[in-house]
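Here is the structure we will look at, set down as structure tokens.
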Amino acid sequence: MYISNITVFMPSVLTLIGIPGLESVQCWIGIPFCITYLIAIIGNSLLLIIIKSEPSLHEPMYIFLGMLAVTDMALLTSVVPKMLGIFWFHIPEIYFDSCLLQMWLIHTFQGIESGILLAMALDRYVAICYPLRHAAIFTPHLISQIASAVILRAALLVAPCLVLIKFRLQFYYKTVVSHSYCEHMAIVKLATGNIRVNKIYGLFVAFNIAVFDLSFITLSYIQIFITVFRLPQKEARLKAFNTCIAHICVFLQFYILAFFSFFAHRFGSHIPTFIHILISSIYLLVPPFLNPLVYVKTKQIRDHVLKMIFSKRHPDH
């Protein structure tokens, strides 16, 4: 354990200790983390290749799915390589500014992912409730506007967290981050002085993104279910419902893990620290790992995966 009792003015380097209390077994914990990362990268890359190569998948639903895949890979790549460097190669040091950059990237990508899930829910809402108007509403121009808005919203909302840390928190009583990556509150808690503004703004960003997105996602699916259950034919109901199952699974796993991690980190003082850190790390790893597996089960993606596999096995056909 690294301990510093000296107050430091704007430290140039911070130390990430990984998972406190589990330092002796971190090399083993790194193995499933690495496997999960590699599977997630391969799975999301495969999704992108399929979506890009198949003109029939150049629809809003799959364009948003492609954006989700890119975001997932970017999020994991901003976290996992450094995490494995701590676990396997005992390189815990990170430049202060690099730590702030990693923090901004993590929270920005999480915000973008939440925004994409909202866009996917709205796409399904229009496709099922107003099918004849779907193509006219979700034009390529609107999709590009939604993508820009989702990215800018997340980037601009998270950016003040950097400013508040860099210019408000000058002195630090510790330079050791009790975490496996640079999480906002884990950095803020190192500082001396009043950190209330930083805490309040962090909560504002989290609730602004999560509550706004989750509210509209929930309303969209309520309307979708009402419309689906009103359809006269059972086959039509099942077909409409099946197009939403993958989206429901993805956004449930994202938000359940997000809220569990958020509340455990802030209000679970009786929970051991290593469980907090493990939950936070799993929250970052699991959705990008599961998303491709969920969508490969949808008929359109599955058909194209099988087509790719069998065309490679039988090149003459």
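Heads up, residue numbers simply count up from 1 along the chain you see.
Each Cβ is built from the backbone N, Cα and C atoms, and glycine gets one as well.
What TrEMBL records for this protein:
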{"type": "DOMAIN", "residues": "43-295", "note": "domain 'G-protein coupled receptors family 1 profile'"}
{"type": "TRANSMEM", "residues": "28-50", "note": "transmembrane segment"}
{"type": "TRANSMEM", "residues": "62-89", "note": "transmembrane segment"}
{"type": "TRANSMEM", "residues": "101-122", "note": "transmembrane segment"}
{"type": "TRANSMEM", "residues": "142-165", "note": "transmembrane segment"}
{"type": "TRANSMEM", "residues": "200-228", "note": "transmembrane segment"}
{"type": "TRANSMEM", "residues": "240-262", "note": "transmembrane segment"}
{"type": "TRANSMEM", "residues": "274-296", "note": "transmembrane segment"}
Counting Cβ pairs under 8 Å that are 6 or more apart in sequence, does the total for the transmembrane segment (101-122) and the transmembrane segment (240-262) reach three or more?
yes
Model confidence over the domain 'G-protein coupled receptors family 1 profile' (43-295), as mean pLDDT, sits at 89
